[in-house]
Amino acid sequence: MSTKNVLPSFVLALPGLLCNISVHLTVCVSIVWLFFFLSIMICASYELMVADLMGPFRFLVKFTLLDCSSKSKCPKFFAYLLSIFMIVFLGARVGLLMNTKGNPLSFYWGESNFFGFPALFAVVCALCVFGWTKNGFIRKFTKKLVKVRMLRVEPNSSVDSYRMVQVLAMIFSIPWLVAMMSWIIFNFTYGKIFYGGDESNIILRVLMLISNFYIWYISTVCLAHYVLVFSALNREANYFNQELKKAKEERLLKNIGVLEKFDFRQNEILEMILSANESLSSFGCFAPLFLFYGLVNGVYLTSFNDSVPLLYFVILLFNLAAIIFYNMCILFPACGLQEHLTTTRKILINNDEFEVSKDPIVYQTYRVMIDRLQKVDARIWVIAAFPITKNILAGALFVIPDLGFLLIIVKKVIIANGGHV
C-alpha cells in the first residue's frame with residue numbers, strides 16, 4: 001500500500017481517535033473527581049461525628065496551649081514547643097507547692113499536700129491533652145464508633161446524642177472553677193500562697209492565680225474528653241446488651257446468621273474499647289491516685305477547724321468535695337463499662353438455647369463470645385495495680401478516707417503526750 005493511500009486513511013481516522021481519547025480522559029477525570037468528592041464527604045461525615053460527640057469541647061481544646069493536632073493553626077514545631085513549655089511550667093508549679101518548710105502533720109504540711117498532689121494531677125491532664133491531640137485520638141475513636149453504629153440491629157438516634165453530657169460538663173465545671181480559685185484568692189489577700197505558710201512575693205502569687213485558672217481550664221477539657229468517650233463506649237455496650245437480650249427473649253440466637261452478627265459486633269465493640277483504653281489509661285492510671293492523695297490530706301485538714309478562719313475552713317471543705325466529685329467522674333464511667341460487659345456475659349451464660357442446639361457452628365460461635373469476654377481484659381488499672389471496677393472502688397472509698405482519720409488520730413496522740421505539730 002502506498003504512502004499516499006495510508007496518509008488520507010490516518011487523517012480520516014484521526015477525529016474518531018481523538019474522540020475516543022477524550023471519552024477515556026473524561027471517564028478518568030470523572031472517576032478522580034468522584035473519589036475526591038467521596039473522600040470529602042467521608043471527611044465531612046467524620047467531622048460531623050466529632051462535632052456531635054465533643055460539642056463545644058472540640059473548639060475549647062484549641063485554647064489549652066496543648067493542641068498539637070493536624071488541624072491546629074500553629075506550626076507543628078511551635079505547637080510542640082509551646083506544649084512542652086506549659087507542661088514544664090506545671091511541673092515547676094508542683095515543686096513550688098510541695099516545697100514545705102513546716103513540721104510533719106502541721107497545718108502547713110497538710111495544706112501543702114492537699115493542694116500539691118492535685119497539682120501533679122494537673123500535669124497528668126496536660127500530658128493527656130497533649131498526647132490525645134498529637135495522636136488524633138478523638139478522630140480515630142470516632143471512626144471506630146461509626147463502624148460499630150452501622151452494626152446495630154435497629155438504628156436508634158436517641159443513643160447518639162451527647163448534648164446533655166456536654167451541657168452537664170459545662171455546668172459542673174463552674175463549681176470546679178470556684179474551688180480552684182477560692183483558696184488562692186483568699187490567701188492572695190493575706191499575701192501568701194498557703195494560709196499556714198510564709199508571705200510570698202507578688203509575682204509568685206500572681207503566677208499561682210493565673211496557673212490555677214489555667215489548670216481549671218485544661219482539667220475541664222481533659223475530663224470532658226474522657227467522660228464523653230466513655231459515654232459513647234457505655235452507650236454502645238448497653239445498647240448491644242438490649243438488642244442481645246431482645247434476641248434472646250425472641251429465641252433468635254440459635255439462628256447462626258443472627259448470632260454471627262452479634263459475634264462480629266461484640267468483637268468490634270471490644271476492639272473499640274481496647275483501642276480507647278490505650279489512650280484513656282494514661283489519664284485513668286494516674287489521675288485518681290493523686291486525687292486520692294489529696295483526699296487523704298483534705299480529711300486530715302478537717303482536724304484544724306479551730307485553727308483557721310471559718311471562711312477558709314469552708315473553702316477547704318468545698319475543695320475536698322470538688323476533689324471527691326472530680327475523682328468519681330473519672331472512676332464511675334470506667335466501672336459502668338465493666339458492669340455492661342458483665343451483663344453481656346450473664347445474658348449469654350444464662351441461655352438454654354445453646355445447650356440444646358444441635359448446630360455445632362452455633363455452639364462454637366457461642367463459646368467464642370463467652371471466651372472473648374473472659375479472656376480480653378478491658379479494664380483500666382490505676383498504677384497497674386488496681387483495676388477500676390465496682391468492688392475495688394467500693395473498697396477504696398472505704399479505706400482511703402480512713403487514712404486521713406488515721407493521721408488525725410496520730411496527731412491527737414502526739415499532742416496528748418506533750419508533743420506539738
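For all residues, glycine too, the Cβ spot is worked out from N, Cα and C.
Heads up, TrEMBL stuff is auto-annotated, nobody curated it.
Pulled from TrEMBL, these are the features on record:
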type: TRANSMEM; residues: 29-49; note: transmembrane segment
type: TRANSMEM; residues: 77-94; note: transmembrane segment
type: TRANSMEM; residues: 114-133; note: transmembrane segment
type: TRANSMEM; residues: 167-190; note: transmembrane segment
type: TRANSMEM; residues: 202-228; note: transmembrane segment
type: TRANSMEM; residues: 280-300; note: transmembrane segment
type: TRANSMEM; residues: 312-337; note: transmembrane segment
type: TRANSMEM; residues: 380-400; note: transmembrane segment
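Here the transmembrane segment (202-228) sits against the transmembrane segment (77-94); at least 3 CB pairs are under 8 Å, leaving out pairs fewer than 6 apart in sequence. Away from its own ends, the transmembrane segment (280-300) comes close to residues 105, 110, 113-115, 117-118, 120-121, 124-125, 127-128, 131, 222, 226, 229-230, 316, 319-320, 323-324, 326-327, 330-331, 334, 380-384, 388, 396, 400-401, 403-405, 407-408, 411 of its chain (Cβ-Cβ under 8 Å, at least six residues beyond either end). Residues 277, 280-281, 284-286, 288-289, 292, 295-296, 331-332, 334-335, 338-339 of the same chain sit 6 or more residues outside the transmembrane segment (380-400) yet have a Cβ under 8 Å from a Cβ within it.
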